[in-house]
Every structure is written in structure tokens, then in C-alpha cells.
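K.L.:
Before anything else, here's the structure in question.
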Amino acid sequence: MKNFLSEASPEFAAAGTEARGSRFVRACLRLPVDRTPIWLLRQAGRYMPEYMAVRKHHSLLDICRTPEIAAEVTITAAERLGVDAAIIFADLLLPFTPMGLDFEFLAGEGPVVHSPIRTAEQIHALRTDRVDELSYVGRAIEKVAAHFSGPRADGDQLGIIGFCGAPFTLASYMIEGGSSRNYIETKKLMYSDNAAWSLLMEKLVTVLVGFAQQQVEAGADVIQIFDSWVGALSVTDYRQYCLAPTTELIKRVQALGVPVIYFGVDTASLLPAMRETGADVVGLDWRVPLDVGWKAVGEGCGVQGNLDPIALFAPHDVLEARVREILAAAGGRPGHIFNLGHGIVPGTPVESVIKVVEWVKEYGTQ
Ligand code: CP3
């Protein structure tokens, strides 16, 4: 593991050694950087011809479970776009398999869990002792870390991001059996069986900490925790049912020695509560102006975001204006990582994605 945290001491920050290390990791720690770092949610995905070429011969799960291919897809996307960090190619649902829950990805439908969890007995039966079976993700990270081990042309070290889901978002897939509009089954269980819900949260935290540990030991510099669907919750329900287990997860991942980025969608009203988890950086969706979102999480926390991914379909003058607006709202304060407000969708013009990276490099001097 790289020793970035020790660099976070005030003396180091005051020493003015801004260019050393990884500007992405430094920004996660709210240290000064030479310019705003950028990476993009779903930067390796179906919008990219290089990914589709690999996908023609391999299923999504095959790519995730074959370290050579997962590493290649991760590296290709980061290099093609010229971003400052690479997120390991994997999926939120991978931990379901060692927990004893079968799922698959169906074309056009997304993930499908075959026997969704609806009872306390099913929660009791979930396994937490087979996290080792996820070691293929760590092996892929090792390959990515080896590839990016030296400084790049501009002297910066590319950041490597590991990730996992947050307890609520993973529980919602387990209980709904797939994507959902109203999360009725999830909320029914959450409201009606406190003991079962708490046990599910606890089991997820146990597995996710183990999974994150493998990724950090393999070379991940930062862990991003995706709570993609947490915006379905009221502030009261978030506080009552999710804040404690999510805080526990984040604290235990930070104890592994890496900063944590905590991301959700439709979270404007939840941001102050999400900040209470102690995450180093909170990911903002595009619905909240970046400065308003940053105020909501407070100055003691970094922010990541928050361009509307659909703005990538706009004419370049409009897109450029949106990029500049976000950089202006961040105002060059340490702790901003440029990103989208959610993932790149299929059909997005690759040249627009590359343009955004170029503009952030040009205008994002802090
Ligand atoms: O560069 C990257 O970010 C790619 C790595 C990545 C994938 N999934 C690969 C993938 C990451 C970070 C994820 C996380 C993930 N998986 C999330 C959180 C991110 C978010 O968008 O909020 C979620 C909710 C999942 C679960 C999941 N996986 C869904 C709902 C889907 C279907 C989405 C769709 O548009 O069809 C997937 C499939 C998936 N995972 C794809 C990719 C590239 C696309 C399908 C494919 O290649 O066949």
C-alpha cells in the first residue's frame, strides 16, 4: 500500500510539495494539487468501442472474474481517456456469489437475483465466510497497479480505485431481485423486521470490509462505496436504518489506510447525513449545484462530481460551459475531484468524453 495518508500531515501540506504522488489521492485528502483531478463513473463501459470488442467474446461476469481481461479493460479505458484514476472493472453484485445468492445479468434487463431475499431465514442463511472467493478482483488490481507503477508523462501517479456497494443499495438488489422503482419489498422488510434488517446490514458490512481489504492489499489507493439507490430513502429512514451500518463500513475501510469516496444518486436532501458517515469525499449527483452540495456536506469533506452524464450528448459549446460552471463552483478549493453525477450511458460520444477530460486539464488549475 502506498503511504499517502502519512503525507496528509499539515507539515507536508504546508511544505508545498503539491506535484508529488497522485493528484487524485491528494485531492481525496483535501491536500493542494496542481490541477483538478478527473475520472469518470463507468469510464469502461458499453459506450466505448474497445470495451464492446472485448464484450463480444466474453460475458460481463467472465470479464469481472478473469483478472487479465478485467485489468486490460480497466487500463484501456483510463489510457484512452487520459484520466487521473482507474476504477477496477468489476461489479457491485459480485459479493452475492460467496454469500450464497445466485444472480445473472440479462441483456436489456440488468441484474437478476434468482431467489430474492424476503424472509429472516434467508438472511440467516447468508454466508460471510467465503470472501476469499472474490480474490480475482484483487488479482486484477495487482495487474493494474503493476501497469501504472511509475509516474506518467506529467510526473503524476495514476490513482487506482477499488470499490464495493453500500449496505442499502446491495440489500435492495438482494430483496427486490433486480432494479426497482419503488423499493417496496426492501422497505417492507426494513420497516417490519428490525432484527432481520440489522442482521442483513451486519452481514453485508462483514463481507464488504473483507472485500475492500483484499482490494487495498492488492494496491487500491482509494475505495469508492456506491450507494447508488440511497436517494429512495427519506432522511429519517436513512438515519434510522442505514447511517449506522454505512458509518461502520466506512470507518473500517478507512482503518485499512485509504480514503473513502461515498457516492449516491438523488441525494441532495441526504448530503448532511451522508457526511456523518465520516467519508473523506462525498460524490454528488448532477441535480445539486456543486457549491450547494459542498456546503451541505461541509468544508471538512471533499466532493466528487457532478456533470450530468447526458450533457455529454450536448453540442460542445454547451458541454464546455457546463464543465466550466462546475469548476467555477468548486472555486479551486482543495478536495474537488471532477466526475460525472452518475455513470456514462451507452451511446455517449467518446470524443465528447475526451473533450471533457481535456477541458478539465486546461481550466482546472487550482
Ligand atoms: O468503468 C466502470 O465504472 C465500470 C466498472 C463497473 C461496472 N459496474 C461494470 C458494469 C462499476 C463501477 C459498476 C458498479 C455498479 N454495478 C453499480 C454502481 C454504479 C452506478 O451506476 O450507480 C451498480 C448499480 C451496478 C449493478 C449493475 N451492473 C447494473 C444495474 C447493471 C446494468 C446496467 C445497464 O445499464 O444495463 C450492471 C451491468 C454492468 N456493470 C455494465 C458494466 C460495464 C453494463 C453491462 C454490460 O457490459 O453488459
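Positions of Cβ are set from backbone N, Cα and C atoms, glycine also.
From TrEMBL, for reference:
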{"type": "BINDING", "residues": "ARG42, GLN43, ALA44, GLY45, ARG46, ASP91, TYR173, SER228, HIS342", "note": "substrate binding site"}
{"type": "DOMAIN", "residues": "37-46", "note": "domain 'Uroporphyrinogen decarboxylase (URO-D)'"}
{"type": "DOMAIN", "residues": "161-177", "note": "domain 'Uroporphyrinogen decarboxylase (URO-D)'"}
{"type": "SITE", "residues": "ASP91", "note": "site 'Transition state stabilizer'"}
K.L.:
Using the alpha carbons only, what distance in Å do you get between TYR173 (substrate binding site) and ASP91 (site 'Transition state stabilizer') once rounded?
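P.N.:
Given the Cα positions, TYR173 (substrate binding site) is 13 Å from ASP91 (site 'Transition state stabilizer').
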K.L.:
What are the DSSP helix/strand/coil residue counts across the domain 'Uroporphyrinogen decarboxylase (URO-D)' (161-177)?
P.N.:
10 helix, 5 strand, 2 coil
K.L.:
CB neighbours of ARG42 (substrate binding site) within 10 A?
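P.N.:
The answer is 19.
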K.L.:
Compute all pairwise C-alpha distances among ARG42, GLN43, ALA44, GLY45, ARG46, ASP91, TYR173, SER228, HIS342, the residues listed as binding substrate, and give the largest one in whole angstrom.
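P.N.:
About 23 Å separates the two most distant Cα atoms.
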K.L.:
Please identify which of ASP91, TYR173, HIS342 has the densest Cβ environment, defined as other Cβ atoms within 10 Å, among these recorded positions.
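P.N.:
Result for the most crowded candidate: TYR173.
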K.L.:
Check the binding-site residues ALA44, ARG46 for other C-beta atoms within 10 angstroms of each C-beta and report the one with the most.
P.N.:
ALA44
K.L.:
With DSSP helix as H/G/I and strand as E/B, how many residues of the domain 'Uroporphyrinogen decarboxylase (URO-D)' (37-46) fall in helix, strand and coil?
P.N.:
0 helix, 1 strand, 9 coil
K.L.:
What parts of the chain pack near the domain 'Uroporphyrinogen decarboxylase (URO-D)' (37-46), using Cβ distances under 8 Å and only residues at least 6 beyond its ends?
P.N.:
23-24, 27, 52, 55, 73-74, 76-78, 81, 83-87, 89, 159, 161, 263, 309, 337-340, 342-346, 353, 356-357, 360-361, 364
K.L.:
Can you grab the distance from ARG46 (substrate binding site) over to ASP91 (site 'Transition state stabilizer')? Cα atoms, rounded to a whole Å.
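P.N.:
On Cα coordinates alone, these residues lie 14 Å apart.
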K.L.:
Whole-number answer please: how many Å between the C-alpha atoms of ASP91 (site 'Transition state stabilizer') and ARG42 (substrate binding site)?
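P.N.:
Cα-Cα, rounded: 11 Å.
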